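Notes for the one structure printed next.
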């Protein structure tokens, strides 16, 4: 009897399995997800998801279509259709996604899985959502892209490997662009909107009701904590393209929170999420279409990110400005600047103080996301509530305004000046080496000194890359100078050697000549002696002959 019951159970499960396969029809994506996508997301293209995927509870219907009878009684054994929902912010939680799906009339959500980076626990910006009917999947694909989640329109695609790879590539590009902007060290600083996705955390995706506790926001935040999200009807500005700079002033906490001191450590994880940002490809300044989604409390009236391009993580931060308080809805009146929360300033509606900086010190705004005080021109108000400074006129040393006037350079201008400095450095070094090789050390030294002076006078001379160029030019200059000094001493040594050799040759010639003269003299004297002897012999013979003749 027990065997019969076992057979009945086994056949019932197999029948369910065949019925499910027949119901799926063209939707083999579920098997593809179960057998291919999940291992590849854990062990293949995205190994960073492994820890999080392993900690998830077993999903409903994971063993469907795997050819093995389930040993657990599931509460749902019917049809399951999986979809990818992408183009999400990194702090979008499963509760936000669930509420957005429920608002469309879809109530048969079976599971939600967020893909996360293993290194830092941040969301990759897309999730896997399983629903229980074809009608729900069609409704999600048709209506969810028209809704807005944290200022971005989700993208709904079928669950297959092609769309998975597309979302993975998009996540990698976004991460790389955020690291290139210098945002890998801290979360979004308060009072300024971030260029790309902040490194602050996001609530991890969970099954509805599976993991107890509130939202979790892993990852450190910026100095002073992240600011609250933008009010309804306003989206964050477009990322800037300038060089990395220090973070701006800290933002305000939500109501009821104690304001941390500036440059404080990371706040409580889970009390405040980072602000939403603009997803790449969304038009700049486009207001959201729907009301503010549920989440953290709205921002304190009178505070918020500035309307102009936000500052990067180096350079002087521009003054942050608030959004005027207004209920959720369409975009309100124009934005005005006001002081940050940690500094005194006039209340909203009070007449603004005089500008604290001469507008002539600010360059005209550019379209490249310059971190100037405002992209529309000089600041209309004093962001820190200080009185106008004493006018020095044309006397005395320049103040901090001259330094700030040199730093606001767009990325295009910075790269142009750096390329020009590199060209000056390389051409000066090559010309100096060629001049030094032919012995023209004066021209080589003059070329290098001129190049060093030009690079030091450029606007980016304080940059480390410019300092490297200057040090290489100085090293080349020192080498050529030492070579020129060594060549001068060698020339003097050669001249001395030539003089010595000439004197030696002269002395040798003189000695040889004196010896020759001496020899000639002795030869002449010997010849004269021989002549005298010959004459004496001749005289003696003549005398002998005369004597003989007389005797006869």
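Each position is counted from 1, following the chain as shown.
The backbone N, Cα and C atoms fix where each Cβ goes, glycine too.
Per Swiss-Prot, the feature domain 'RRM' maps to 81-161; the stated evidence is sequence analysis.
Summarising the annotation, Swiss-Prot assigns region 'Necessary for nuclear paraspeckles localization' to 81-161.
Look at Swiss-Prot and you will find 157 (among others) tagged as phosphothreonine, backed by similarity to another entry. Sequence-distant neighbours of residue 157 (phosphothreonine) (same chain, six or more apart, CB under 8 Å from its CB) are 83, 84, 86, 141, 163, listed in sequence order.
The compositional bias 'Low complexity' annotation in Swiss-Prot covers 207-219.
Annotated compositional bias 'Basic and acidic residues' per Swiss-Prot: 389-404 (among others), in sequence order.
According to Swiss-Prot, the phosphothreonine annotation covers 404 (among others).
If you look up Swiss-Prot, you'll see 404-552 marked as region 'Sufficient for nuclear speckle localization'. Secondary structure of the region 'Sufficient for nuclear speckle localization' (404-552) per DSSP, as helix, strand and coil residue counts: 134 helix, 0 strand, 15 coil.
The region 'Necessary for RNA-binding' feature in Swiss-Prot is assigned to 405-552.
Summarising the annotation, Swiss-Prot assigns phosphothreonine to 407 (among others) and lists similarity to another entry as the type of evidence.
In the predicted model, the region 'Arg/Ser-rich domain' (491-552) has a mean pLDDT of 78. What Swiss-Prot records for 491-552 is region 'Arg/Ser-rich domain'.
What Swiss-Prot lists as compositional bias 'Basic and acidic residues' is 494-504 (among others).
For 495 (among others), the entry in Swiss-Prot reads phosphoserine.
What Swiss-Prot lists as phosphoserine is 501 (among others), and the listing cites similarity to another entry. Sequence-distant contacts of residue 501 (phosphoserine), defined as residues of its own chain at least six apart whose C-beta falls under 8 angstroms from its C-beta, are absent.
Marked as region 'Sufficient for nuclear targeting' by Swiss-Prot on the basis of similarity to another entry: 511-552.
Of all Cβ atoms in the shown protein chains, 10 besides its own fall within 10 Å of the Cβ of residue 512 (phosphoserine). The phosphoserine annotation in Swiss-Prot covers 512 (among others).
Sequence-distant neighbours of residue 514 (phosphoserine) (same chain, 6+ apart, CB under 8 A from its CB) do not exist here. The phosphoserine annotation in Swiss-Prot covers 514 (among others).
For residue 526 (phosphoserine), no same-chain residue that is 6 or more apart in sequence has a Cβ closer than 8 Å to its Cβ. For the region 'Necessary for nuclear paraspeckles localization' (81-161), DSSP puts the residue distribution at 24 helix, 29 strand, 28 coil.
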